[in-house]
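*Asks:* According to Swiss-Prot:
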- C4-C20: disulfide bond (DISULFID)
- C8-C22: disulfide bond (DISULFID)
- C13-C27: disulfide bond (DISULFID)
Amino acid sequence: GTPCGESCVYIPCISGVIGCSCTDKVCYLN
C-alpha cells in the first residue's frame, strides 16, 4: 500500500527487489 515512488508502465518495478509490486501502473510496497 505504500508508494515506492516508481512507475511500472513500460518496465517492471526495480524496487521489486525490496518487495514492491506493480498496482495500477505504480509500484507499491504493501
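Each residue, glycine too, has its Cβ placed from N, Cα and C.
Quick one: how deep are these features, and who are their neighbours?
*Replies:* Using a 10 Å radius centred on the Cβ of C20 (disulfide bond) and all shown protein chains, the other Cβ atoms total 22. DSSP assigns C20 (disulfide bond) to coil in the three-state reduction, outside any helix or strand.
According to DSSP, C27 (disulfide bond) sits within a strand segment. All protein chains included, C27 (disulfide bond) registers 21 other Cβ atoms within 10 Å of its own Cβ.
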*Asks:* Under 8 Å Cβ to Cβ from C8 (disulfide bond), same chain, six or more residues apart: give me those in sequence order, or none if nothing qualifies.
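*Replies:* Residues satisfying the criterion: C22, K25, V26, C27.
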*Asks:* Which number gives the other C-beta atoms within 10 angstroms of the C-beta of C4 (disulfide bond), all protein chains shown included?
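*Replies:* Total other Cβ atoms inside 10 Å, all chains included: 19.
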